[in-house]
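Asks: In case it helps, Swiss-Prot gives these features for our protein:
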- 2-6: topological domain 'Cytoplasmic' (TOPO_DOM)
- 28-53: topological domain 'Extracellular' (TOPO_DOM)
- 75-87: topological domain 'Cytoplasmic' (TOPO_DOM)
- 109-130: topological domain 'Extracellular' (TOPO_DOM)
- 152-157: topological domain 'Cytoplasmic' (TOPO_DOM)
- 7-27: transmembrane segment (TRANSMEM)
- 54-74: transmembrane segment (TRANSMEM)
- 88-108: transmembrane segment (TRANSMEM)
- 131-151: transmembrane segment (TRANSMEM)
Amino acid sequence: MVSVQTIATIVVKTFKIVLNIIILVLYRTGYNGEFLGVGGTWNLNEEKNPDAEIVASGVIVGYLIYTLVQIVTFLFGTTEHKRALSEIVMNFVGVFLWIAVGAVALHYWGGYQGEHQFQFVFAEKQVGLAVGALCVINGAIYLLDTALSVIHFTKEM
């Protein structure tokens, strides 16, 4: 019999995958079909920081792959993966990484000024703020998944 925690975990992981794909598409094509990025420079008159972009790309793509692998293991129906401490650690670290990437994006795009300095609404700014907000929301979902992972881990002990 499948437990309620297992079903909840599969639903949460599926939602994380969908949200992660949305973030990835916006991150990659949010600037009128071109690369949007998260910014990551503290001087808003400069170009985007490549270090922040590398970390953001790693978090977005890395956690997409990790979550896909985790959901595949759940779909196999075995219980071995539920006893693994690695899922708790990865989800816990994911909370901080997603919130950090979202905070950098919100900081950069919140102060963004486009080419026309007296225009206040820019499509890329709105998409950048959406990416930042979605990353923070994804961090909260990873916190929920961390709690579910702890429940699985303690229940199986």
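Cβ atoms are placed via backbone N, Cα and C, with glycine included.
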Asks: Mind checking which residues reach the topological domain 'Cytoplasmic' (2-6)? Cβ under 8 Å, same chain, six or more beyond either end.
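Replies: For the topological domain 'Cytoplasmic' (2-6), the far contacts come to 74, 82, 148, 151-152, 155.
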Asks: Can you tell me how the residues of the topological domain 'Cytoplasmic' (2-6) break down into helix, strand and coil by DSSP?
Replies: 3 helix, 0 strand, 2 coil
Asks: Which residues of the chain, 6 or more past the ends of the transmembrane segment (54-74), have a CB below 8 A from one of its CBs?
Replies: 6, 9-10, 13-14, 16-17, 20-21, 23-24, 27, 37-38, 40, 81, 87, 90, 94, 97-98, 100-101, 104-105
Asks: Please average pLDDT over the topological domain 'Cytoplasmic' (2-6) for the predicted structure.
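Replies: Taking every residue in the topological domain 'Cytoplasmic' (2-6) and averaging pLDDT yields 78.
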